[in-house]
Protein chains: 2
Amino acid sequence: MASPSHTPPPDHGGADSVETRSPELRKDPVTNRWVIFSPARAKRPTDFKSKSPENPNPKKPSSCPFCIGREHECAPEIFRVPPDDDDDPNWKIRVIENLYPALSRNLETQSTDTNRSNLNRSIVGFGFHDVVIEAPLHSIQLSDVDPVGIGDVMIAYRKRIEQIAQHDSINYIQVFKNHGASAGASMSHSHSQIMALPVVPPTVSSRLDGTKDYFEETGKCCLCEAKAKHFVIDESSHFVSVAPYASTYPFEVWIVPKYHSSHFHHLDDVKAVDLGGLLKLVLQKIAKQLNDPPYNYMIHTSPLKVTESQLPYTHWFLQIVPQLSGVGGFEMGTGCYINPVFPEDVTKVLREVSLA
Amino acid sequence: MASPSHTPPPDHGGADSVETRSPELRKDPVTNRWVIFSPARAKRPTDFKSKSPENPNPKKPSSCPFCIGREHECAPEIFRVPPDDDDDPNWKIRVIENLYPALSRNLETQSTDTNRSNLNRSIVGFGFHDVVIEAPLHSIQLSDVDPVGIGDVMIAYRKRIEQIAQHDSINYIQVFKNHGASAGASMSHSHSQIMALPVVPPTVSSRLDGTKDYFEETGKCCLCEAKAKHFVIDESSHFVSVAPYASTYPFEVWIVPKYHSSHFHHLDDVKAVDLGGLLKLVLQKIAKQLNDPPYNYMIHTSPLKVTESQLPYTHWFLQIVPQLSGVGGFEMGTGCYINPVFPEDVTKVLREVSLA
């Protein structure tokens, strides 16, 4: 396991230890994996703070190709969202190709060449890897943008997903954001990424298995029950933010649609703005409570080709993870995670954060 | 995805890009997950270096409770390995309890209270979490120890596993080592950890599923075929070190027994010393080639209660992972990893490292 900055030395053998609450293992059908809640390793929930806060207004580097006016230094643009003022010749959001794509958009014709040998399998690396520049100015972070503007980012994701979904070889599309260097961001200019894969990734298969089991047992979609089964922090007209029952990471938050929906890209414009408002609230609360930590968010949607029978139990959501701890040999070896904070306590803390 | 220190900015959109080799997705039955090999994101394999090297001879902090003479500051000792010289009253290796255990050894009677509600499952957090102090002196790192001494560490693991295996509620035992702060180590004194779990973790279930499929298809154990199917770096009498075909991480190495063996703790003393020699060689080569990077190793063994039918395809191995890159939203979201170096190239580089 890792040595989170907020915990006592986890592999230490000295000094006093006060065990206040027994450890507990929890699993839920969505993640389908055990998490070890280990409160003896934590300080009080309100003591969690990032030791490497992100500067909310980073000084603009001398050469940021994501900044307005430097568009010519970027890989090709796919589309842009125009500014609200029609007279402004510039842009509000740009979707561009990643200059160092992990997958190549030029390999489609070969993409069915699956080589399945006895031991090893390989597929040519066809796919898309795009970047969404969320604001023209370097000083603006996503949580600074108003709900309508964050809604526009969600709509840009939707539009790009709809385009990529035309490619029959693509089976899953992962939208994610890395905020801060230790969350994996190499560029400080606010942006997110869209990666389209020829395979259905393991977390998705595992999630479908888990939510199917739940549906067969109860007749219900387990994400439709988020309000009842997890720990509610806030809600908007169409979404709820919760600390999940078996949170993998400390202060992890999910935003779950209150209506049943299999795919993120079915989101309409009204709901996109509503989502923008709740996402802004969660990001602001996390930044305030945890000292502006690096964070990731991931949109967990369904494979593009879900079958009719899967529809009753596939339900998208957005996961937000502040980066407060690292990963060590235990997590790499087992795939189990150790979380020092119960979500019951996270909910209490995040409900009460004052943004005034 | 993360922004490994060695790669071009992965989510960057500017400047020149030279794609030298096509990306490829690979999967093997042991990890049972897809890895994206993405050479366009890498420099030459020989350019990989750690940017945060560990000091091989860290200055002894004023108060390290793992150092000889400070045993009273530690949590209780479980056993010690005496020094080679019988007249020396001190110790060579100590196995102690972790002062901040992630699981509690005092909850065994409750350990069958599995609460399986409709949505959520929980188990009380019974288990063991021990520390193996690998040397009495702060200045000694594991790779400094001679093959016999590393063999003794392996035998200490074996002995502690045999003790813990007496507890019927324990289903899996994970041995791991975190070397260096960014690999999760909070103490610089050389040590490893043993964690005993009431559940079989997800990577283990997935590995058994994958190796079973392979066995059913071919009639062979896929790890017995390591020499033929992966990329051999070195070998000893009983073990081989390989760069695995679908390596999850750059410069990942596996040490695999050349004989079929389901459980690490069946290792005899002769093979322990042989393993010690090969492990020392791998650690020295990685330190030399990659600028003494932080690293993790994990022993992947079989659940304590494997069935007779599983024995033909369960085969333990040791995985070594230098920490050269981080994890971002892509990996967290999908469970897929992006590796910028093909194992073919890793093998070439590590074969040729001169330790003279």
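From the backbone N, Cα and C atoms, a Cβ is placed for every residue, glycine too.
Per TrEMBL, active site, tele-UMP-histidine intermediate is recorded for B:His191. Of all the Cβ atoms in the protein chains shown, 24 others lie within 10 Å of the Cβ of B:His191 (active site, tele-UMP-histidine intermediate).
Mapped onto three states, the DSSP output places B:His138 (Zn(2+) binding site) in coil. Every protein chain considered, the tally of other Cβ atoms within 10 Å of the Cβ of B:His138 (Zn(2+) binding site) stands at 19. The Zn(2+) binding site annotation in TrEMBL covers B:Cys64, B:Cys67, B:His138, B:His189.
The compositional bias 'Pro residues' annotation in TrEMBL covers B:1-11.
TrEMBL lists B:18-30 with the feature compositional bias 'Basic and acidic residues'.
The domain 'Galactose-1-phosphate uridyl transferase N-terminal' annotation in TrEMBL covers B:22-201.
Residues or ranges marked as region 'Disordered' in TrEMBL: B:1-64.
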Among B:Cys67, B:His138, B:His189, B:His191 (the recorded positions), residues with Cβ under 8 Å to chain A, listed in sequence order:
B:His191
Cβ neighbour count within 10 Å of B:Cys67 (Zn(2+) binding site):
18
I'm trying to understand the geometry here, so how far is the Cα atom of B:His191 (active site, tele-UMP-histidine intermediate) from the Cα atom of B:Cys64 (Zn(2+) binding site), in Å to the nearest whole number?
12
